[in-house]
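See below for the structure under consideration.
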Amino acid sequence: MSVKDEINKLIETINYHNERYYNQDSPEISDYEYDKLMKELISLEEEHPELKRIDSPTNRVGGKPLDKFNQIVHKTPMLSLSNAFSEQDLRDFDKRVQEYVGENVEYVVEFKIDGLSVGLTYNNGEFEKGATRGDGVVGEDISQNLMTVKSIPLKINDKKELIVRGEVYISKDNFRKVNEQQEEQEQPLFANPRNLAAGSLRQLDPKLTAKRPLDIFVFNMENIEEYDLESHSESLEYLEKLGFSVSQSYKVCKSIDEVIEHIEYWTDNRGNLDYEIDGMVIKVNNIKQRDEMGYTAKSPRWAIAYKFPAEKKKTKIVDIIVEVGRTGTITPSAILEPVRLAGTTVSRATLHNEDYIREKDIKINDTVLVQKAGDIIPQVLEVIKEERTGDEIDFKMPEKCPVCSEPTIRLEGEAAVKCINMSCPAQIRRGIIHFVSRDAMNIDGLGESIITLLLNEKIIQDVSDLYYIKKEDVVDLERMGEKSADNLINSIEKSKENDLWRLINGLGIKFIGVKAAKILAYNFKDLDEVISATSEQLEELEEFGSIMANSVVEFFKEDKNMNVINKLKNVGVNTKSLDNTGEKVEKIFEGMKIVLTGTLPTLKRNDAKEMIEKRGGKATSSVSKSTTFVLAGEEAGSKLTKANDLGIKVIDEERFLELLKLSSKDEVKAVLES
């Protein structure tokens with residue numbers, strides 16, 4: 001086989017496994033085997049750079065770091081849109097449109113994705129370059145970074161020059177996961193999904209961008225006049241055929257009343273989406289009518305952006321409290337006079353750290369503006385200083401831990417104030433909360449209040465004590481009772497069978513989160529092998545550096561930690577990796593996209609999601625034309641409505657449990673079609 005054929009074969013194989021992993025959630029090979037294929041391809045491409053293809057999967061992992069971004073002059077200016085803030089603004093826009101082209105007007109309404117706007121250029125069927133919007137005329141060349149975004153095709157079946165505009169974003173779920181990783185590594189949290197997406201694309205090192213779970217929706221062919229297309233909606237369908245990701249939510253509207261109705265629906269329901277939108281974009285659909293209307297110096301006359309009302313509210317800080325995390329970090333929070341914000345009642349907001357409080361000059365009794373960063377995390381936006389009365393009180397971070405009274409420290413170069421007493425009850429409590437959490441040992445019935453009771457009653461002192469609890473220890477606790485006590489004991493007992501990665505993550509080793517725990521569990525057959533591994537051995541693992549490796553080694557050197565592990569072993573907690581020895585489950589949902597909505601009678605949402613994913617399905621957060629079926633419980637809401645509108649199959653929990661008993665994907669399809 002020639003080198004060229006070898007490279008082509010490797011690319012074909014890797015692309016196949018990427019499809020299985022990213023789009024079907026049904027991998028056929030291990031991460032280790034996948035990495036071996038990638039390394040082999042990288043090696044061949046480095047030896048024969050003339051044979052490297054534009055669509056090589058190695059372009060997805062990022063190239064060499066840049067010193068700076070070069071500038072690109074946009075062939076077609078990336079204009080901004082004029083804004084509408086009210087129904088009257090939209091009706092005025094419609095009136096202006098009709099003055100140009102008459103009453104026979106059709107509009108396309110799309111989400112205004114809250115991300116970073118980019119332009120993509122393709123030539124001869126290959127991705128050529130990509131740039132930020134910049135000032136609309138000149139942008140920054142971020143081609144290398146854009147090539148790492150998996151939803152951007154690097155090859156398309158179109159030999160013409162094609163210029164596409166899109167919005168790079170990060171989903172709410174992935175935003176939460178990235179911030180959880182930041183917290184585990186004691187790094188600053190990102191304020192909102194847009195900042196994370198924009199910051200990720202502007203990294204000078206593309207390998208850092210490649211690690212961020214970025215996505216894109218494309219929404220415009222900038223050189224549409226070179227194509228035989230009559231409408232904007234046709235262009236979106238064409239882009240989708242080429243392999244671009246197009247938001248399925250766009251709607252063709254026959255009148256401005258229909259436009260307004262669609263906008264009102266999404267104003268109320270945008271919180272159900274797994275990504276941020278900050279408005280809706282309204283465009284004249286007909287291309288000839290657009291040409292008749294033309295442009296102003298700054299924006300097209302045939303489009304307008306409707307901005308959702310700002311999600312900000314005024315309230316008062318009645319107190320500032322601090323909490324101790326499981327790593328000892330002391331975090332301040334503002335206690336607020338309750339206020340309705342983005343659909344929920346907000347009574348507290350994060351203040352991050354001492355520097356944040358100083359920078360914004362925040363005091364107790366201040367009147368402030370609050371918002372939900374990314375509609376997720378309540379935060380203090382600014383102090384309304386003109387409303388100060390003189391009763392405001394300065395806040396100082398505590399010099400002693402509020403729980404154990406040991407001195408606190410702030411290391412040079414760090415923003416966090418910490419309690420370094422490893423026996424601090426607050427750290428122990430947070431550590432146990434982490435141990436039982438969904439991404440660790442996943443023990444149902446052990447909420448924060450129960451854990452606090454168990455600690456206060458001296459029933460437990462560390463995580464291993466959970467497995468020595470008897471029913472009589474807990475049955476008389478507040479809000480417990482016979483049934484709850486039985487459920488709790490059963491849940492604890494069930495968790496003994498968990499895979500090794502859950503235990504490793506639950507132990508709370510500094511810098512080791514879910515992903516690193518899975519890497520350890522895959523590369524070592526049991527916990528004893530992990531414990532005896534040297535830092536040199538650990539550094540050889542993919543994505544492990546010296547800091548993570550040393551953290552693992554140091555953790556297992558501590559007698560206190562080893563005592564806990566020995567107690568866990570003695571009581572029968574699994575310490576072996578089940579990666580290759582677990583029960584085989586047929587992939588009956590392979591390639592299917594399944595949406596969960598509402599409250600199920602007996603199953604928890606996460607359990608149902610795990611059942612779907614274990615069987616090869618993908619549990620998605622929004623209903624679209626590609627959804628296979630919707631699993632609906634009580635109070636299903638807008639997702640159920642949309643599924644019915646699109647003709648998507650809807651089943652209840654009882655039918656879902658019947659599907660789990662089937663032995664093949666074909667059987668599932670037959671049942672769904674019946």
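For all residues, glycine too, the Cβ spot is worked out from N, Cα and C.
Pulled from Swiss-Prot:
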ACT_SITE  Lys112  active site, N6-AMP-lysine intermediate
BINDING   Asp31, Tyr32, Glu33, Tyr34, Asp35, Ser80, Leu81, Glu110, Arg133, Glu167, Lys283, Lys307  NAD(+) binding site
BINDING   Cys401, Cys404, Cys419, Cys424  Zn(2+) binding site
DOMAIN    584-673  domain 'BRCT'
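For the pair formed by Leu81 (NAD(+) binding site) and Cys404 (Zn(2+) binding site), distance between Cα atoms is given as 56 Å, rounded to the nearest Å. Mapped onto three states, the DSSP output places Cys424 (Zn(2+) binding site) in coil. Secondary structure from DSSP puts Glu33 (NAD(+) binding site) in a helix. A Cα-Cα distance of 40 Å separates Lys112 (active site, N6-AMP-lysine intermediate) from Glu33 (NAD(+) binding site). Long-range C-beta contacts of Arg133 (NAD(+) binding site), restricted to its own chain and to partners at least six residues apart, with a cutoff below 8 Å, comprise Met78, Ser117, Val118, Gly119, Gly139.
Across the structure, Cys401 (Zn(2+) binding site) and Lys283 (NAD(+) binding site) place their CA atoms 57 angstrom apart. If you compare Cα positions, Lys283 (NAD(+) binding site) sits closest to Cys419 out of the binding-site residues Cys404, Cys419, Cys424.
In this structure, the CA atom of Cys404 (Zn(2+) binding site) is 48 Å away from the CA atom of Glu33 (NAD(+) binding site). Excluding Cys401, Cys404, Cys419, Cys424, which define the Zn(2+) site, the same chain contributes Val324, Gly328, Pro402, Val403, Ser405, Glu406, Thr408, Ile420, Asn421, Pro425, Ala426, Gln427 within 8 Å (Cβ to the Cβ centroid), listed in sequence order. Separation of the C-alpha atoms of Cys419 (Zn(2+) binding site) and Glu33 (NAD(+) binding site): 42 Å, rounded to the nearest whole number.
Fewest Cβ neighbours within 10 Å among the recorded positions Glu33, Lys112, Lys283, Cys419, Cys424: that distinction goes to Glu33. Between the CA atoms of Glu33 (NAD(+) binding site) and Cys424 (Zn(2+) binding site) there is a gap of 43 Å, rounded to the nearest whole number. Mean pLDDT for the domain 'BRCT' (584-673) in the predicted structure: 83. Neighbour count (other Cβ atoms within 10 Å of the Cβ, all protein chains): 23 for Cys401 (Zn(2+) binding site). Helix, strand and coil residue tallies for the domain 'BRCT' (584-673), in that order: 36 helix, 17 strand, 37 coil [DSSP]. Around the Cβ of Cys404 (Zn(2+) binding site), the number of neighbouring Cβ atoms within 10 Å comes to 15. The Cβ of Leu81 (NAD(+) binding site) has 17 neighbouring Cβ atoms from other residues within 10 Å, across all protein chains displayed.
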